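These features come from TrEMBL:
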- 69-259: domain 'Autophagy-related protein 16' (DOMAIN)
- 279-333: region 'Disordered' (REGION)
- 288-301: compositional bias 'Acidic residues' (COMPBIAS)
- 307-327: compositional bias 'Polar residues' (COMPBIAS)
- 349-374: region 'Disordered' (REGION)
- 359-372: compositional bias 'Polar residues' (COMPBIAS)
- 389-430: repeat 'WD' (REPEAT)
- 433-474: repeat 'WD' (REPEAT)
- 475-516: repeat 'WD' (REPEAT)
- 611-642: repeat 'WD' (REPEAT)
- 644-678: repeat 'WD' (REPEAT)
Amino acid sequence: MTYEKQELVSYIANSQKQHQNKNTFFSQRNHALTTSALVTIFGLRGRIYTLYAAMSGAECRTQCWWKRHIAEQLKQRDRVQRQAFEEIIHQYNRLLEKSDLQAVLSERLQPDKSDLQNRHDLSPGVDAGRSDALLQEMAQIRIRHQEELTELHKKRGELAQNVIELNNQMQQKDKEIQSNEAKMLQYQQRISELEAECRELRSSLQDLERANQTLKDEYDALQITFGALEEKLRRTTEDNQELVSRWMAEKAQEANRLNAENEKDTRRRQAKLQKDLAEAAKEPLPLDPDDDIEVLPEDAPEGAGTADTSPSRTPGRTPSKRNSQPPASGLLDSISSIFGLSESVMPGLHPPDCRRRSTNSFGGVSDGTETQPGACAEVRVPSTALHTFDAHDGEVNAVSFSPGSRLLATGGMDRRVKLWEVVSGRCEHKGALTGSNAGITSIEFDSAGSYLLAASNDFASRIWTVDDFRLRHTLTGHSGKVLAARFLLDNARIVSGSYDRTLKLWDLRSKVCMKTVFAGSSCNDIVCTEQCVMSGHFDKKVRFWDIRAECIVRELELLGRVTSLDLNHDRTELLACSRDDLLKIIDLRSNSVRQSFSAQGFKCGSDWTRVTFSPDGCYVAAGSADGTLFVWSVLTGKLERALEKHHSSAINAVSWSPSGAHVVSVEKGSKAVLWSDM
């Protein structure tokens, strides 16, 4: 029993010693870990405060809002991370308390150990009951110490894990700080660059403002000059009109004076002649049977043979004086030529050599009359499609024959004018005229067939030479697409009509716009005489313009938008097509609609559908929206032909060759059809 007690006492002593050593080791280890964590924490906080101080200094230097924002973010992060370390410090304080408690327990057990050892030495015969109680107490103490040891191991692992996590966070924060510092440097460099750019832009802005002010001053000066020139032009125009009016009045007075003098002279001569005859009749003259009586011819000169005239000769055999003055109508002709109106167009004037159309169907002239130059001897009413071909890559808007009927020109939305040679009932491609920047709307040859004029949607008109396909003139000045352009009869001037509601007169010698007239409505087509222009407009009116006076002579309103105009060969009748699906012939001498044409199925397909007279003026041809070609007789007013099945879309334009042998029609698709009666 004594041996067992000694062994128990030695075991307790060893356990206490080991426990004390472990407590000392763990206390030192926890103290070291805690110290390391605290050093790390306070080092991180020191870096943070150092960075904050640096940023605060930079903020004082630069006073940028983004630096204040970064400082606030760092303060917030410091508060969040300090909360995590407060738990570690609390656990560390608990460990210190437990370590102090273990030390106190060890001090308390040390006297007990001494007492037990003394008791064992002094009285080895203590009863077994107290030993059992002591063993139980020692077992409980051992179990409690083991639990505390297990808990300490657990706390040590948690602290080690926290230290590792904090080290990782510190490394990440160090990287973030380095990255932010690099970004700050980049931002500062960028700010410096932007400030330099701002200074350059301010300098450029000042230069531009000075230049703008200079240009504005120049513009104001030009406006003042333009206003003065415009006023001068207006006064000059008014003076010109006044001079023309005075000149016309003086011409009329001179004509009246010449006519009055002519009449007075005629009456004076007649009175003198009657007086001479009366005196000659009163004088008695002896007659000698041997004398021969000479009979004066009617065209004998005045006073010839008066000495030998018999008193019994009747007055009717005496020659009368003939008037050598020109007729009064010649003066009226000269006045009418001022306005460029032909004799056949002026109302009430019918010259003796006026050519009238005969009643035969081929437009021949009656006996004793002269054939109009350029008019064909025979017009063929088309009945057969000789050739169908693709004229352009897209819509075909315009078509026209040359004056010799050998060449055919077509214009389309592909910005080209193509020339075709009519040979043996076929159209062979000869060449293309380029240079337009938009679709072609109208084409026309000059009277000699050497030049071709085309209007286009790019606000311009162009002239090419037919022989070498070269672009000669480009006439720009309209503010809208040009829908029609025509040569005047002198081929030295052209007239163009545009969507911008103006008409312009161009001089091809100087290549400038001579006059601009505001029409009030979009101009769809134009025809010209020498000094008179007739235009068809979107507002359903046909206007007649005097080029020299720059004013409307008269106007005629139809029932629909005017799409096309055409003159017959003697320029006495005007053919007009309108969107009310009617073709009308206007008599230019009476300024009234003489005849209208319509047919079942005929419908005008667009605002620029072109129609045409036959060369002799006996027929009119027009294309319909369903692709049918209609031909009417002017003499009967009835429909002659309705040609179908060759166009797949609306017909845009029709042209009749000057020889009368062929008709060509073009459509919105891409096709053109050559027609004849063969």
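Cβ atoms here come from the backbone N, Cα and C positions, even for glycine.
Note: TrEMBL annotation is automatic and uncurated.
Long-range Cβ contacts of the repeat 'WD' (475-516) within its own chain (Cβ-Cβ under 8 Å, at least 6 residues beyond either end) map to 438, 441-442, 444, 446-448, 451, 453-463, 522-530, 533, 535, 545, 547, 550, 608. With a cut-off of 8 Å between Cβ atoms, the residues of this chain six or more beyond the repeat 'WD' (433-474) that come close are 395, 397-404, 407, 409-419, 480-487, 489, 491, 494, 496, 498, 506, 508, 511, 525, 608. Counting same-chain residues at least six beyond the ends of the repeat 'WD' (611-642), those with a Cβ under 8 angstroms from any Cβ of the stretch are 357, 359, 361-363, 374-376, 379, 381-383, 564, 566-570, 573, 575, 577, 583, 585, 595, 597, 599, 601-605, 648-660, 663, 665, 667, 673, 675. Distant neighbours of the repeat 'WD' (389-430): 374, 436-445, 447-449, 452, 454, 456, 464, 466, 469, 608, 610, 652-659, 661-662, 664-672, 674, 676, 678; these residues of the same chain sit at least 6 beyond its ends, with a Cβ under 8 Å from one of its Cβ atoms. Here the repeat 'WD' (644-678) has long-range neighbours at 363, 374, 376-401, 403-405, 408, 410, 412, 422, 425-427, 605-606, 608-616, 619, 621-629, 631, meaning same-chain residues at least 6 beyond its ends whose C-beta is under 8 angstroms from one of its own. For the domain 'Autophagy-related protein 16' (69-259), the model's average pLDDT works out to 84. Taking DSSP states H, G and I as helix and E and B as strand, the repeat 'WD' (475-516) has 0 helix, 25 strand, 17 coil.
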